[in-house]
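First the structure, in the form of structure tokens, and then the observations on it.
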Amino acid sequence: MTAIILAAGLGKRMKSEIPKVVHSILGLPMINWVLRAVKKAGIENIIVVTGYKAEIVEALLPEDVKTVRQVKQLGTGHAVMVAQDAVMDDEVIVLTGDAPLISPETLINLYKIRREKDYDVVVASTFQEDPTGYGRIVRENGKLRIIEEKDASEEIKRIKEINSGIYVFKSDFLKDALKKINNNNNQKEYYLTDTVALAEKATAHVIEDPTEVLGVNNRVQLAEIQKIAQKKINERLMLNGITIVDPDTTYISPDVEIGQDTVIEPMTFILGKTKIGNNCLIGPMTRIIDSSIDDSVSIIRSEVEQAIIKSGARVGPFSRLRPGTTLLENTKIGNFVEVKKSTIGRNSKAQHLTYLGDATIGEDVNIGAGTITCNYDGVRKHQTIIENNSFIGSNCSLVAPVKIGEGSVVGAGSVITDDVPPYSLALGRGRQVIKEGRYKNKEKGE
């Protein structure tokens, strides 16, 4: 089985400088939603037809996906013509890249139907109360036709069974049929739909859930489809033992995994391939991207991206964990703390107003409020190492590269530029001077 995904269109009604299929739903570009369904249906040979700003679309595709370019957008039939030389299988499934909600189960069912009765083509159809914008399925005298809306009469426009844009073809039939279609229509395009009328054995299979085949033509429809996807994902998670306090304000990508008894508070975004364990508290007002979070972690009003958080850690409120951050068990990262490309050891804490970049911090370390790792010299980044059981006082600057030895104490307000040996006290600040009574008789204006 080969899948051809049509993704060459401009998408004029999106009024956008980027291709339509690149626009995201719940953090995942539409083209990747379709790819995800195709792969889960067990289809390995995948061809994506690109066109308008092809390089942007192609940059989103995995290496195992083939691409062909439709330099001139001359219709869906022409797009498949461009791709047909890369078809190596007896069956071809054709999908559009702007109908992101198609399920793997529906795709599997479609190719099973084609095989059972050796159809030349099976078309996925559904019924819409408002079919505006879709081609109509016309059944006459045992034959099947698809009429594009732009070419439809008023009588045909009243038909509510619509073409989804998803087809399963016998490869030999498709190759022959593509040679016979023409562009004698209002749009002067080669319609893939015209191949259906050439089939001796064709059927339209009605998909029970019409939302699966909804297409995106403008940003209103993009928002509507995101709302449908959001509802499906959140309901699935809640039925599997996750509490989502307000599903309407919780946005979760389709590949996110969340464990039982985790609570997701309102205004939370969990995106990418994030994995969250059991008994966690996430949110409110939190965004997590492509991160791994173990059991019993709380993340409150914070941002987490490409981070690893081990069990029992506490993050927030108002923390930022940037890519490359690892928090080990029972760490505490508090308000207005930013961590980047650093590992924080077990039971260590940085609870206030701190920046930790390119740092390795051991176990049972206290980072005082206002501590900064000065990791950048204007050219290169340098590492800070703080060993186990150290105590960093408030308002310290650690100028990297620098190492604080095990069990050491850095006095508040210090600027540390040299390594500190284990079990030492380091002070790097000016001596306090008091001139008692200096201003006792100071007159106003002096």
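Heads up, the Cβ atoms here are built off N, Cα and C, so glycines get one too.
The following features are taken from Swiss-Prot:
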REGION    1-219  region 'Pyrophosphorylase'
BINDING   6-9, Lys20, Gln70, 75-76, Gly135, Glu148, Asn163, Asn217, Arg322, Lys340, Tyr355, Asn366  UDP-N-acetyl-alpha-D-glucosamine binding site
BINDING   Asp98, Asn217  Mg(2+) binding site
REGION    220-240  region 'Linker'
REGION    241-446  region 'N-acetyltransferase'
ACT_SITE  His352  active site, proton acceptor
BINDING   Ala369, Asn375, Tyr376, Ser394, Ala412, Arg429  acetyl-CoA binding site
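Structural mapping of features recorded in Swiss-Prot.
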residue : record                                        : CB count, 10 Å
Leu6    : UDP-N-acetyl-alpha-D-glucosamine binding site : 26
Ala8    : UDP-N-acetyl-alpha-D-glucosamine binding site : 28
Gly75   : UDP-N-acetyl-alpha-D-glucosamine binding site : 22
Arg322  : UDP-N-acetyl-alpha-D-glucosamine binding site : 16
His352  : active site, proton acceptor                  : 15
Asn375  : acetyl-CoA binding site                       : 23
Tyr376  : acetyl-CoA binding site                       : 12
Ser394  : acetyl-CoA binding site                       : 17
Ala412  : acetyl-CoA binding site                       : 16
Arg429  : acetyl-CoA binding site                       : 13
Sort the binding-site residues Ala369, Tyr376, Ala412 by C-alpha distance from Tyr355 (UDP-N-acetyl-alpha-D-glucosamine binding site) and give me just the closest.
Ala369
Taking the residues Ala369, Asn375, Tyr376, Ser394, Ala412, Arg429, which the record names as binding acetyl-CoA, find the longest CA to CA distance and state it in Å to the nearest whole number.
22
Candidates Asn163, Asn375, Arg429 (binding-site residues) - the one closest to Asp98 (Mg(2+) binding site) by CA:
Asn163
Rounded to a whole angstrom, what is the C-alpha distance between Ala412 (acetyl-CoA binding site) and Asn163 (UDP-N-acetyl-alpha-D-glucosamine binding site)?
70
Lys20 (UDP-N-acetyl-alpha-D-glucosamine binding site) to Arg429 (acetyl-CoA binding site) - Cα separation in whole Å:
58
Same chain, outside the region 'Linker' (220-240) by at least 6, Cβ under 8 Å from its Cβ: which residues?
14, 23, 25-26, 100-101, 211, 214, 247, 250-254, 256, 258, 260
Cα distance, the residue listed as 'active site, proton acceptor' to Arg429 (acetyl-CoA binding site), nearest Å?
21
DSSP three-state call for Tyr376 (acetyl-CoA binding site): helix, strand or coil?
strand
Gly75, Ala369, Asn375 screened against His352 (active site, proton acceptor), Cα within 10 Å - retained binding-site residues:
Ala369
For Asn163, Asn217, listed as binding-site residues, tell me which one has the smallest number of other Cβ atoms within 10 Å.
Asn217
Can you tell me how far the Cα of Asn375 (acetyl-CoA binding site) sits from the Cα of Asn217 (Mg(2+) binding site), in Å?
47
So, three-state DSSP: helix, strand or coil for Arg322 (UDP-N-acetyl-alpha-D-glucosamine binding site)?
coil
Work out how many Å separate Ala369 (acetyl-CoA binding site) and Asn163 (UDP-N-acetyl-alpha-D-glucosamine binding site) at their Cα atoms, rounded off.
62
